[in-house]
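As given in Swiss-Prot:
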| type | residues | note |
| --- | --- | --- |
| TRANSMEM | 7-27 | transmembrane segment |
| CARBOHYD | Asn146 | N-linked glycosylation site |
| CARBOHYD | Asn346 | N-linked glycosylation site |
| BINDING | Cys454 | heme binding site |
Amino acid sequence: MAYGSQLTLLSGGQSIIILLIVSFLAWRFRVWFRLRHIPGPLGASLTNFVRMSWVFTKKAHLIHQELHQKYGDVVRFGPNMVSISDPASIHIIYPMRKGLVKNDFYVPLRPYTRNRGAIPNVFTALDEDLHMKLKYPVASLFSLSNVSKFEVLVDEVLSVIDEQLDRRFASHGEIFDLTEWLQFFAFDVMGTMTFSKRYGFLEEGKDVGGMLNAIGQFMKQAAPVMQNPWLDRVLYKNRIADSLKRTPGSDIMKFVVAAINERQKSASEDEDFTKARKGKNDFLDEYIITQKKDSNIPPWFVTAWTISNVLAGSDSVGTVMKTTMYNLLTNPRTLEKLHAELVAANVSRPRPRWSEVHNLPYLDAVVQEALRVHPPFALPFERIVPEGGLHISGQYIPANTVIGASPYVVNRHKPTYGDDAELWRPERWLEGGPEVRKKRDDGLLTFGAGRRICLGKHIGIFEVKKLIPFLVLNYDISIVKPETFLAENEWFFRQSNLLAQIRRRPLESVEPNV
């Protein structure tokens, strides 16, 4: 009798296991079946771990591009994920109206705190109402007219990099990694704009306090699990994981919170805080003032706004600067052409004025081409297809499918940017009539598109248009070993090893040494 009962219980346990397995397989088949008409690699249609493995190679952008070349404009990247490559679909996936909301892909980009969990910001907020609450109070601070008020602060940092390049490298022809110094510049500008102080990256010629490394490690950790966001919660964003090993985001949060606490202390001790700093306000001042003026804005919004400046405000801009200089130096014809335009426009030396460089046609084309060939972000910007589904490039995408487009892939779409879309050629932005130019402009996905377009777009362009003319006018720069230049995709493009030599250009010099 006991033996029979044991057999019955065992059979019951086995039945439950079998039922669970069958249910899981049925669910997976249903997920696979609903997108069976979308072409793509078989393995990717079965599990998200395939596209996660692409990210681990640090060449996901190239894999994505090859898949679109093989399968077309609509490719299945995951069991429930579809990638689009045609710029004509941008307005459908990323409209100005409400419709396609963000998914958990963005959650790994939120720094974790034990008290508040993973803090969302303007970019990583999934809920549209929360996004607008975060964005609306500070959006005007990022307008081009307001950003240009920071020119005097950027000029201070330009003076520092000018002095350091002269003293360390130009005077004796030492070979150095230009990418490091461009990143130092971008971070010190971010520090000046956000906190009214530089952090000494340029003066010391190194990653002060390991902040750049912390940001890099944070992105390196986040990128793979963005393909499987549930892993982020299991591995990193919980109290147990955080107590065993602090995440790189913890160091970034510590840096930001310390800066905020210091400034808020000054604000609480000075009733006329806003008046005392009027005319000298940095972003952090404006964030604190904005929050204090509106009781409906919670204090943690200040942290969310500030962390956005630190995470995206230096790395993304640094990527554009590195891309621009690498391509100018490896394509000397374009460097000559840019230099000639700057000289003809009588741009000031050593520090160009924004009023002199903001509307130069060839400089504009150079910056646009840099944004096109190597956008700072190089994974698809994911959204959720709404009820009713979508028709894109002749394919029906059912509701609740995750859909997205990679800036790297879209920006190299040959029907839009020409058969030479793989090449650096700034002139493409100056060619064609109004309709052709508008098509190219509208197809550029570097800053995103629609209602969730990057808030810091104008800051990035402002910094790049200040720095690149400064370097081109004041220095003869020669690349030493172009083959050592390395670009790796860790959500942000990581660029390194742009080995160069520089010498000071005489004031009367008008020809670049190329």
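Glycine is no exception: its Cβ is also placed from the backbone N, Cα and C atoms.
Small disclaimer: the values here were computed from a predicted structure and weren't measured.
Shown on the structure are the features that Swiss-Prot records.
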| residue | record | Cβ within 10 Å |
| --- | --- | --- |
| Asn146 | N-linked glycosylation site | 13 |
| Asn346 | N-linked glycosylation site | 8 |
| Cys454 | heme binding site | 19 |
The residue listed as 'heme binding site' and Asn146 (N-linked glycosylation site), Cα-Cα, nearest whole angstrom: 16
Spatial separation of the residue listed as 'heme binding site' from Asn346 (N-linked glycosylation site) - C-alpha basis, Å: 32
